[in-house]
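Some features that Swiss-Prot has for this protein:
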COILED    537-587  coiled coil
COILED    774-809  coiled coil
COILED    854-890  coiled coil
COILED    1257-1284  coiled coil
COMPBIAS  381-396  compositional bias 'Basic residues'
COMPBIAS  454-465  compositional bias 'Low complexity'
COMPBIAS  1305-1316  compositional bias 'Basic residues'
CROSSLNK  LYS827  SUMO2 cross-link
CROSSLNK  LYS827  SUMO1 cross-link
CROSSLNK  LYS854  SUMO2 cross-link
CROSSLNK  LYS1043  SUMO2 cross-link
CROSSLNK  LYS1089  SUMO2 cross-link
CROSSLNK  LYS1107  SUMO2 cross-link
DOMAIN    605-669  domain 'DDT'
DOMAIN    1335-1439  domain 'Bromo'
MOD_RES   THR266  phosphothreonine
REGION    146-212  region 'Disordered'
REGION    302-333  region 'Disordered'
REGION    376-433  region 'Disordered'
REGION    448-472  region 'Disordered'
REGION    789-813  region 'Disordered'
REGION    1231-1324  region 'Disordered'
REGION    1451-1479  region 'Disordered'
Amino acid sequence: MAPLLGRKPFPLVKPLPGEEPLFTIPHTQEAFRTREEYEARLERYSERIWTCKSTGSSQLTHKEAWEEEQEVAELLKEEFPNWYEKLVLEMVHHNTASLEKLVDSAWLEIMTKYAVGEECDFEVGKEKMLKVKIVKIHPLEKVDEEAVEKKSDGACDSPSSDKENSSQMAQDLQKKETVVKEDEGRRESINDRARRSPRKLPTSLKKGERKWAPPKFLPHKYDVKLQNEDKIISNVPADSLIRTERPPNKEILRYFIRHNALRAGTGENAPWVVEDELVKKYSLPSKFSDFLLDPYKYMTLNPSTKRRNTGSPDRKPSKKPKRDSSSLSSPLNPKLWCHVHLEKSLNGPPLKVKNSKNSKSPEEHLEGVMKIMSPNNNKLHSFHIPKKGPAAKKPGKHSDKPLKAKGRGKGILNGQKSTGNSKSPSKCVKTPKTKMKQMTLLDMAKGTQKMTRTPRSSGGVPRSSGKPHKHLPPAALHLIAYYKENKDKEDKKSALSCVISKTARLLSNEDRARLPEELRALVQKRYELLEHKKRWASMSEEQRKEYLKKKRQELKERLREKAKERREREMLERLEKQKRFEDQELGGRNLPAFRLVDTPEGLPNTLFGDVALVVEFLSCYSGLLLPDAQYPITAVSLMEALSADKGGFLYLNRVLVILLQTLLQDEIAEDYGELGMKLSEIPLTLHSVSELVRLCLRRCDVQEDSEGSETDDNKDSTPFEDNEVQDEFLEKLETSEFFELTSEEKLRILTALCHRILMTYSVQDHMETRQQVSAELWKERLAVLKEENDKKRAEKQKRKEMEARNKENGKEENVLGKVDRKKEIVKIEQQVEVEADDMISAVKSRRLLSMQAKRKREIQERETKVRLEREAEEERMRKHKAAAEKAFQEGIAKAKLVLRRTPIGTDRNHNRYWLFSNEVPGLFIEKGWVHNSIDYRFKHHRKDHSNLPDDDYCPRSKKANLGKNASVNAHHGPALEAVETTVPKQGQNLWFLCDSQKELDELLSCLHPQGIRESQLKERLEKRYQEITHSIYLARKPNLGLKSCDGNQELLNFLRSDLIEVATRLQKGGLGYMEGTSEFEARVISLEKLKDFGECVIALQASVIKKFLQGFMAPKQKKRKLQSEDSTKSEEVDEEKKMVEEAKVASALEKWKTAIREAQTFSRMHVLLGMLDACIKWDMSAENARCKVCRKKGEDDKLILCDECNKAFHLFCLRPALYEVPDGEWQCPACQPPTARRNSRGRNYTEESTSEGSEGDESGEEEEEEEEEEEEEEDYEVAGLRLRPRKTIRGKQSVIPAARPGRPPGKKSHPARRSRPKDDPEVDDLVLQTKRISRRQSLELQKCEDILHKLVKYRFSWPFREPVTRDEAEDYYDVIEHPMDFQTIQNKCSCGNYRSVQEFLTDMKQVFANAELYNCRGSHVLSCMEKTEQCLLALLQKHLPGHPYVRRKRRKFPDRLADDEGDSDSESVGQSRGRRQKK
């Protein structure tokens, strides 16, 4: 569809094949290669010479006409129902009437008839309507036609009088009025239901001056089909049908005709021609030949050829050259030759045809007659047998056929040249005229038997002895020309096939042999097929069976041979493709040149590999390093931070914090320390991380002076590894911050940290967990697949059984069912006949129908409910499967992430290709990756050759992996002997980037498919094509940039704020005495130099109260013990130990102070301040304490904390109340011994404390117990837990009574060896004290029993509820020395074996320690143990908050015990893993 140029169609430019158009016209999308053509076409389109085909509007531009046609097309889609299209197009096609007449006749046809396919309503009753569709229209009967004619005449044929006529007229008028009212009501309902046009109606319809009545429907009868059911109702009268869709008006019809048809000519009688697509779609009958009807269309598609001279010299020129030219210059068409369909009616009466003995077809008869009629045999080939159209089949038109045949044959005879050498040209022209005028087809059919044989026999002699230059028959020439024109056209395939069949029938063997090669095979094949059909028709049934059997065997043999040849050919091709050669020896296209990776100024391209290492490590292990899903570290940002002078402080230190958080919490870093304190206990912040990195990466810790020289001697002899850094880098870190180093030094430190973390147990556990999760996911997947297969197998088996059962019972059920159905039908018919008589039966039937409807509705509701439930279940299963599939894919991807990253492959030049994660987007090419530490070689084998890296190869980084060369073609067998003959050359390590999909496609096209390296690279690149293109797309996203920050100023500000914060907390918590806090803050804010800050830190440490210090800053304070008179020697030893410990503490403190004074960096000062922070007992602070009596905060100056239980009391809340804070240690009333409480009323606390310190002595047994307590405290400190087991100490101290002055105290000893007391009052005191303690302990033990009862009910505690038997684990008692379980603990609780909460907790720890010792890592018992222990901790915190639960976990030693029982040497642990203490 396109606008007309004037009144002629103007074809659009065809699209360019396979090339991108350079110049395109917007509204038609026509493409041009050159600007000249494009501008010329635009200039022509802008002229006002175009006509809209649909509306007829002229003097428009091409775009205006185009848009008007589009608008008309949209209007027709809305306003013209599709069931009228065929009806109107059949009337229009090849019609010579004017447009207005066509519109009127089409409108009248639509208004008086329903169209086939039209959807309307079928009126069954007064209120019931059924949706139906017209299937068939019955023609009008004769009676109806006469009635219609009579109504149209309007005359009265009745012979009655005027009076009768007037009465009859009155009746007729009344009937007409009622009919008109019904029609109006029906029209109104139709108009209500009909679609309203969005366009404006014509003005004629808007005028309300005169009521217009539409024409009535003709009394046709229709077959209709119900839309809801597959039923057809026949012979429905037109009155029972109601049209629901409004028919189109005349304006819409006019648009439709113009839009889809074009008038072929400018005359009044020029026929209308419908578009070819619609003709094919609706199979519209053609009334004329195509080339006569569509000259414009023909001239646009076929350029005009040179016109032949059609007349003889004697004839006059034609008066109508246009028509002659159009008829003579017709295209090659199957209608011209051999594509003839003659009817038997042409050859005369059917009896004569049947009686003729010749069995030849009518076409052959006619050709034989024409041979006789033509004076020269060569004239036969110019005879044309026309194809009769559909109009020829109509009755009453047989008289025109001979004339048409003669006329067409005559025109074609005149239009063709003679192919033979005629001796008299005058005869050639005159004889066909006279004979064609005298003969008729009837005469030709009568004389075919006598006349057809002579020319063939006579014509055969000159054919065999003809001249060497023999011409092909016209049928062959026509086939050649028709094949050349239409061989590639899809719509001409059937016509071309018919032409080939007819030519194969007519041509002889010699003529077929003289055809061109391409056509010769087609015609010969068609000839053999036709011959085969003839032979098949003449065969008997047995011969056919035998022939088919033989054919099948031959076909099988042929297919078998072809399949064998194809397999051999494919195998040879596969083997040829599988051969591999050295890439550099093969020819081919050069690889594309990629650009270098963009790096910031100051960061060389050679360091990009290390940047990718760090970022890829952080990305792959993000589940371990970044569990809180922080924003990721990207390569672009990291490079900017490395190259920035001051702006990279925050970004780089964040990376260091992420790495050190994992390293310092691992067992490998247990022995990392500084000044006697573990690095894991020092606060890790952005400001201390630089110094902590230096301390972690030292090759050895600072030892004592005696060990220092030995360490220095061994330092140089040890080999340098990837997880270590050169000493000169670390020495720079002593005097400068991390962000102040060069880019290369920063990267070396980051890579060393990554390698160090790869050696930790945390990484190993993370990898094992990921692999275990992946294995479990695979198990679940296989189990699900197995279950589905079992279900399918069971369903299939069940279906087979049901089918077998149905086959057995099917026949009997069918017979019984038919009989029952017949009986039911008979009964129903009888019931209907009987019950239709009276009113009662009508009521019954109505009730029965309502019951049936109700039952049917219930059944439908039940089915709907079942269907909805089934759909909901299917949706739930679908979501579950989708979630399981997502979890499976994520688990597999995470398991792959933690494995070693290898390159995709290498190219001919040994360059490696890398694809990293989304944080390092793009496809990277690494050149010059080989260095001196790589021994690149491969081994020769007898069967196959594989290149293996050296076993001693130690990777420089994650880049150095030679997996691409290992056993490249081992699976291809011994036939493929490919050996690499080149090795990668050493050179500068450079990184290139493929950053566009075009470059990737070019790379894939340049890689050789048979190169030993490039074939594998190409295969992997194609496999991961989508992933690579996504990564390339991510590489184009812009970087957000870094937050600018001055690192030195940041460190200075935070050091000031940290100092002020520690001082404030000390004062508020009552942990230190600092005079002039405001002055101290002002002084700190004004400081700039490190030395001044150091003095402030030392002053801060001095202000802390000694008893609130711990770690290396607090002396080992032994409580003064009651001794007997004969224990002076042990007291001297004790004093010596105390002096040694105090000396050690003093020396450690002095070292710390010296380190502060010598600190050269702010991060070092932050670390030393963090040590002070870690040595302060912040849990003893009164800042957040509440009074135990009134539960209120505030009034810190009147709040006192118990040194035993650490609970707070207001001075005035105590009874008796205190009026000032006592000096020294103070115990609350609950922690004081009862005798001391009773005897201390009215006594000063200071005197009592001094008297307690000066009186009494203690036996050696008590001293051993105290030493055990101290060792236990040391164990807590070694484990890095700054908690005191104060409940245990309190329980043991509270047994010791505070004796009165001048009286020897009682001795605390083992219960079995307890000596009898001397004085009765003392015995009474002890009894009272014991009762008091026993009541409190019994309450606590009752709570312990309740906790145990809840633990037994906990669902994850099932492995620990009962003792382990030897049936469950044979070697359990060989590994576990002290078995323990919840049942045993429960029995001990019921028997009263526990004397304190600590004994109960000791057994609980033993249960968990045994589980941890016996079970392997990753087992379900260990996971249950962790959850049960967490539950125990929560219960203890809720019910027994004063009893801390701490269990030390040691993974390496199988013979470990609980923390409070065994004394393990932490130094041996430190020497067995991680850094070497001594080299």
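The backbone N, Cα and C atoms fix where each Cβ goes, glycine too.
For the domain 'DDT' (605-669), the number of residues in each DSSP class (helix H, G, I; strand E, B; coil) is 48 helix, 0 strand, 17 coil. Within the set of recorded positions THR266, LYS854, LYS1043, LYS1107, the entry lying nearest in space to LYS1089 (SUMO2 cross-link) is LYS1043 (CA atoms). The Cβ neighbour count for the residue listed as 'phosphothreonine', using a 10 Å radius and every protein chain shown, is 8. Of LYS854, LYS1043, LYS1107, all annotated as recorded sites, the residue with the shortest Cα distance to THR266 (phosphothreonine) is LYS854.
Separating the Cα atoms of LYS1043 (SUMO2 cross-link) and LYS854 (SUMO2 cross-link) is a whole-number distance of 75 Å. Each residue of the domain 'Bromo' (1335-1439) gets a DSSP state, and the totals for helix, strand and coil are 77 helix, 0 strand, 28 coil. Residues in the region 'Disordered' (789-813) partition by DSSP class (helix H, G, I; strand E, B; coil) as 25 helix, 0 strand, 0 coil.
LYS1107 (SUMO2 cross-link) and LYS854 (SUMO2 cross-link) have their C-alpha atoms 91 Å apart, to the nearest angstrom. When the neighbouring Cβ atoms lying within 10 Å are counted for each of the recorded sites (LYS854, LYS1043, LYS1089, LYS1107), the highest count belongs to LYS1107. When secondary structure is read from DSSP and collapsed to three states, LYS1043 (SUMO2 cross-link) falls in the coil class.
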